[in-house]
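Visitor: This is the structure, below, for whatever I ask next.
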Amino acid sequence: MTADGGARPRIRSYVLRAGRVGSGQARALVELGPRFVLPYQPELLDLDAVFARVAPRVLEIGFGMGEGLAETAASHPEIDYIGVEVHTPGVGALLKQLGERELGNVRVIQHDAVEVLTAMLAPATLAGIHIFFPDPWHKKRHHKRRLIQAPLVELLASRLAPGGYIHLATDWQDYAEQMLVVLEAEAQLENTAAAYVPRPDTRPLTKFEQRGIRLGHGVWDLVFRRR
């Protein structure tokens with residue numbers, strides 16, 4: 001609460017930057033946006049109607065330029081994917097890939113993920129949640145901005161169907177350690193390993209990660225399931 005009794009603003013885990021939108025991305029936003037982009041609305045989505053079928057649904061938060069999400073969706077046509085991203089160049093890049101690959105099992109929401117989870121996705125509806133390489137906010141004074149905090153993890157777990165999973169990945173060891181502590185403290189979840197897991201096939205290697213591996217950088221994956 002603030003001094004005047006109002007609600008304290010939520011600290012967001014991202015900063016909106018005016019990134020350059022390429023010509024191909026801009027064209028994809030105009031031509032493919034109406035098909036693939038779902039406008040934010042404070043009411044629950046009917047996912048069966050959105051995808052015109054009944055299938056497992058996986059949410060990916062912060063898909064970046066969309067390379068990994070497009071690859072995963074192409075490899076798993078039996079699963080529907082909902083990608084949430086706030087940055088316009090990334091949304092345009094993913095739409096371009098969806099068009100080129102003729103993928104119909106992805107929808108995009110360009111909005112704050114916490115608000116999407118709270119208002120648009122019903123409890124116990126998701127088969128999985130992916131959050132790969134969220135901003136590490138590596139300076140200690142910025143750790144409060146990190147996405148993976150107890151309130152969000154509780155919200156994420158509530159949107160998973162029983163047996164559904166949360167898969168996190170980071171290349172910052174201290175963030176991986178924080179993730180492990182936070183997820184293990186959530187009563188709705190259980191770890192699928194003693195601590196971290198080898199990279200599952202459901203997380204494709206991106207060019208960024210391949211470069212990091214060549215430079216000797218570590219990557220930590222965590223997979224927890226809803227009890």
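Cβ coordinates come from backbone N, Cα and C, glycine included.
Pulled these from Swiss-Prot:
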type: BINDING; residues: Glu60, Glu85, Asp112, Asp135; note: S-adenosyl-L-methionine binding site
type: ACT_SITE; residues: Asp135; note: active site
type: BINDING; residues: Lys139, Asp171, Thr206, Lys207, Phe208, Glu209; note: substrate binding site
Visitor: Rounded to a whole angstrom, what is the largest C-alpha distance between any two of the residues Glu60, Glu85, Asp112, Asp135 that the record assigns to S-adenosyl-L-methionine?
Guide: 15
Visitor: Which whole-number value in Å describes the distance between the Cα atoms of Glu209 (substrate binding site) and Glu60 (S-adenosyl-L-methionine binding site)?
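Guide: Counting only the Cα atoms, the answer is 17 Å.
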Visitor: Specify the secondary structure state of Glu60 (S-adenosyl-L-methionine binding site) as given by DSSP, simplified to three classes.
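Guide: The residue in question, Glu60 (S-adenosyl-L-methionine binding site), is strand (DSSP, three-state).
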Visitor: Which three-state DSSP class does Asp171 (substrate binding site) fall into?
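Guide: Going by the DSSP assignment, Asp171 (substrate binding site) belongs to neither helix nor strand, so it counts as coil.
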Visitor: So, in DSSP terms, is Phe208 (substrate binding site) helix, strand, or coil?
Guide: helix
Visitor: Can you give me the Cα-Cα distance between Thr206 (substrate binding site) and Glu60 (S-adenosyl-L-methionine binding site) in Å, rounded to a whole number?
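Guide: Between the alpha carbons of Thr206 (substrate binding site) and Glu60 (S-adenosyl-L-methionine binding site) there are 15 Å.
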Visitor: Taking the residues Lys139, Asp171, Thr206, Lys207, Phe208, Glu209 listed for substrate, what is the greatest CA to CA distance in Å, to the nearest whole number?
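Guide: Farthest Cα pair among residues binding substrate: 25 Å.
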Visitor: So if I measure Cβ to Cβ from Asp171 (substrate binding site) and keep only same-chain residues at least 6 apart in sequence, which ones fall under 8 Å?
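Guide: The answer is Phe133, Pro136, Glu209, Gly212, His217, Gly218, Val219, Trp220.
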Visitor: Express the distance between the Cα positions of Asp112 (S-adenosyl-L-methionine binding site) and Lys139 (substrate binding site) as a whole number of Å.
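Guide: Asp112 (S-adenosyl-L-methionine binding site) and Lys139 (substrate binding site) have their Cα atoms 23 Å apart.
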Visitor: Near the Cβ of Lys207 (substrate binding site), how many other Cβ atoms are there if near means within 10 Å?
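Guide: Result for Lys207 (substrate binding site): 10 other Cβ atoms within 10 Å.
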